[in-house]
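Now, the feature entries from Swiss-Prot:
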- 24, 27, 40, 43: Zn(2+) binding site (BINDING)
């Protein structure tokens, strides 16, 4: 199935609540979703490196 049809399918209310899952609204990725930010890890990293997420910066120790 195409990614857009899978995004539409994920938005529908599932028959059982355990079947519900999150997708990244930017790229549609179903895995590695960060609930706190509502995006996937790859989009999170790209946005953090560009400085688009306030209060987030690359760690260094």
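All residue numbers here begin at 1 and follow the chain in the order shown.
Placed from the backbone N, Cα and C atoms, the Cβ positions cover glycine too.
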(request) By Cβ count within 10 Å, point out the most packed of the binding-site residues listed: 24, 27. (result) 24
(request) Determine, for the Zn(2+) site, the additional residues of the same chain whose CB lies within 8 Å of the mean position of the CB atoms of 24, 27, 40, 43; present them in sequence order. (result) 25, 26, 28, 29, 33, 39, 41, 42, 44
(message) At a 10 Å cut-off from the C-beta of residue 40 (Zn(2+) binding site), count the other C-beta atoms across all protein chains.
(response) 22
(request) Using a 10 Å cut-off, grab the number of neighbouring Cβ atoms around the Cβ of residue 43 (Zn(2+) binding site), all chains included. (result) 20
